[in-house]
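Engineer: According to TrEMBL, the protein carries these features:
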type	residues	note
TRANSMEM	50-72	transmembrane segment
TRANSMEM	84-104	transmembrane segment
TRANSMEM	148-172	transmembrane segment
TRANSMEM	193-215	transmembrane segment
TRANSMEM	221-241	transmembrane segment
TRANSMEM	288-306	transmembrane segment
TRANSMEM	318-345	transmembrane segment
TRANSMEM	417-438	transmembrane segment
TRANSMEM	485-504	transmembrane segment
TRANSMEM	551-572	transmembrane segment
TRANSMEM	617-636	transmembrane segment
TRANSMEM	642-670	transmembrane segment
Amino acid sequence: MWYEAGLINFRSAIKAGHRSSLFTGYFMDWDDAVGRARPTPPTSWHYRSFQLFGAILTLVLPTFLILCYQFKKSDYYEKKDMKAVCLTNIATVVVWVSIPYVWFFMRESGPPRFIKCFESVLTLDKQLQETFLKEHSYPEVTRISANIIRLINICTFGLNYLVPVLIVWISFSKHTPVYVIARAIYDYEKYHGRLISLSINTILSLIMCFFANVLTPAYEMGMLTVANGIIVLYLWSAYLCMRVSIGNHGKTDWNVALTFDTAIRIYKSLGIMTILQVELDKDLITPVLHHFYVVTWSTTSLYYLLLQFMPGREVSMLVSACCIGMLIGGLIVELVVVCFVAKACRMSKKFLRIMKDTHGTKRYRRKVLRSLLPNSINLEFLGSAKTMREGIGMDYFLRYIERVTDDHQKKKDMISVCLTFIATILFWLSIPYVWFFMRKPGPPRFIKCYESVLTLDKQLEEIFLGSRYNVVTRISANLMKLLDAFVFGLDYIVLAITVWISFSRHNPIYIFTRAVYNYEHHGRLLSFLVDAILSLGTCFTANVITSTYEIIIVSTANGIIVLYKWSVYLHVSRGNQTKSDSLSFDETIRIYKNLGVMTILQVELAKDLITPVLHHFYVVMWSTISLYYLILQFMQGRDISLVFSACCISLILAGLIIEMAVICFVANACNMSKGFIRIMKHAHGRNRYRRKVVRGLLPNSINLEFLGTAETMQNGMGMDHRYIVA
């Protein structure tokens, strides 16, 4: 599942290290003849050059720390040259985080041990894949693997190609820490001509560019080995959970189930792999301190990103790009390290629970199962008894979000900061919709999918519903009232709020434009015209985005309403099967399978639109920010704005309605599908053909998850996908 992609990413990271160092200083090489990595000989000049680079970098770090201390002690640079302060702080954190990797690879035993550990994990994945996956492959696990590989490819592409471009951009600016240190030692620009100053600046820029580009592949190697173990653990935990769940829930093909010895062998192999991975991560130091490091650099980046929009500050594209890149990088690191490990740990617990239920009556097997703990790559500097026994949970990720967003908001112009935050999130989640409709096949496909759901509902209603069950009609009417109220809010209330924000001085576009050039010096008439043009442009853009967003919400709600309505109908009809108007077996199965096909089409469209499958993350983000700023108004010394309060309350209510529609209705429909299957098994279990048909059914569920787990794919979404304001 991961073997080929892991080798490709390993090879590309090694080649990127060669290119970044201009083929001078590196610690690993790739043997194209055998397709394997090999350590650079310790006596070669390439390895000696890398060791020299590490020694110089170790001496540079204290200099950066001293410079940061001087910036902290005096606010001169923060007022005059905030770009230099921001870049120095970020560079110090990056060097501090990456230097343990460099120290590890500087030791002669480092690269060989790294290669052995990396290849042992890939070899385990390959052996398990050749032995078990060819016999019984599962499209769900394959889909999870494809999504993970796509995510890792995006990260490695950014580190290999986008980060070097950003490094060159930073290195040749006059705000780099190397430039500040050189001028602090001797101000050569003041006492010498332009030619000498240009030559010195060019040399300093090239040196910094070279060092940063050598440092990046070492950091990429460290991240790749951590991701390597986590991905293999996650994929094979999903596979084990799927095999055991399907094999022990009534399928006619009992060969699908793993034998006890085989399942335990795979599980223990994954356990040994996690031990080796944790030992390597502890030697690398940085992975076990990832939470502290990521919170530190995310907090620093967020602080300087917001500080630009304060009155009297300049907005820099360079600082914004660095800060946003660091925030996205931190989010991805925590997502991979915490979320995937937590899900793998949860699936391990489910595997053990199912195995205990199945084999708990046999004394020897029960004893073996009691000795097993959940498999988890525990990346903690000081492991606690709880995490050693139960593994890492999702509370670590929520802790990261909480620590980054805590106590970094400014007292001045709080409304502008809040509106900028909320506008950024809404714009971010609307961009995938715009990209989808910009593609030529986008609108036709969207219309076909939308109309196919409506056509299915119409046909089923004409054939089956009639006037049989008033409760179904009542539920349908209530759902339509809720959707109409939401659409009314988007069409009129949001329009009014958009107009107010666009024509206020808290508009993010207005703040950004004034930061670039303060045109108000040119008189009231010209300032009024520029303000009017900016306000109209903001209003027009926001309304276009809102209408696009509304179309997608209606489309998603369309599939959920049809699924919920007909799941209720099936549940009610089977509960009244003694009546003369009850459905036949064939009619019932036909409705159920049509709903299953509809859910597949709806989920595929949602994945192409991207934002619906990330709804939980987006809604939590904008609801948290809205709630925070709403409460912040009532603190001592704050101004209370009624329109601003209405904006925050509207966003919180919108998030609540979206989560209620996406999770609660889908979960209720899934529960009714399970009840329907249970009733059908009880009613038709004696007929061999019908029993076989019913056993082949899974609960209908529109699974709006970016990375679906084996549990949700097998059992559908439940109410445990709760809406949390972090």
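From the backbone N, Cα and C atoms, a Cβ is placed for every residue, glycine too.
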Engineer: Do we see three or more Cβ pairs under 8 Å linking the transmembrane segment (318-345) and the transmembrane segment (84-104), pairs being at least 6 apart in sequence?
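Structural biologist: They do touch: at least three Cβ pairs between the two stretches lie under 8 Å.
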Engineer: Quick check for me: are there 3+ Cβ pairs below 8 Å between the transmembrane segment (288-306) and the transmembrane segment (193-215), leaving out pairs under 6 residues apart?
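Structural biologist: Contact between the transmembrane segment (288-306) and the transmembrane segment (193-215): absent.
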Engineer: If we call contact 3 or more Cβ pairs under 8 Å (sequence gap 6 or more), are the transmembrane segment (642-670) and the transmembrane segment (193-215) touching?
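Structural biologist: With fewer than 3 qualifying Cβ pairs, these stretches do not touch.
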Engineer: Restricting to the same chain and to residues at least six past its boundaries, which positions have a Cβ under 8 Å from a Cβ of the transmembrane segment (84-104)?
Structural biologist: 53-54, 57-58, 60-61, 64-65, 67-68, 71, 77-78, 110, 114, 170, 175-177, 179-180, 215, 218-219, 221-222, 283-286, 293, 296-297, 300-301, 304, 318-319, 322-323, 326
Engineer: Residues sitting near the transmembrane segment (193-215): Cβ under 8 Å, six or more positions beyond its termini, same chain?
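Structural biologist: That would be 17, 20-22, 25, 50, 53, 56-57, 60, 94-95, 98, 102, 164, 167-168, 170-172, 174, 176, 178-179, 182.
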Engineer: Please give the sequence-distant neighbours of the transmembrane segment (551-572): residues at least 6 beyond its ends with Cβ less than 8 Å from one of its Cβ atoms.
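Structural biologist: For the transmembrane segment (551-572), the far contacts come to 433, 446, 449-450, 453-454, 456-457, 460, 464-465, 469, 471-472, 475-476, 479-480, 483, 486-487, 490, 588, 591-592, 595, 598-599, 602, 605-606, 609, 611-612, 658, 661-662, 665-666, 668-669, 672-673, 675-676, 700, 702, 704.
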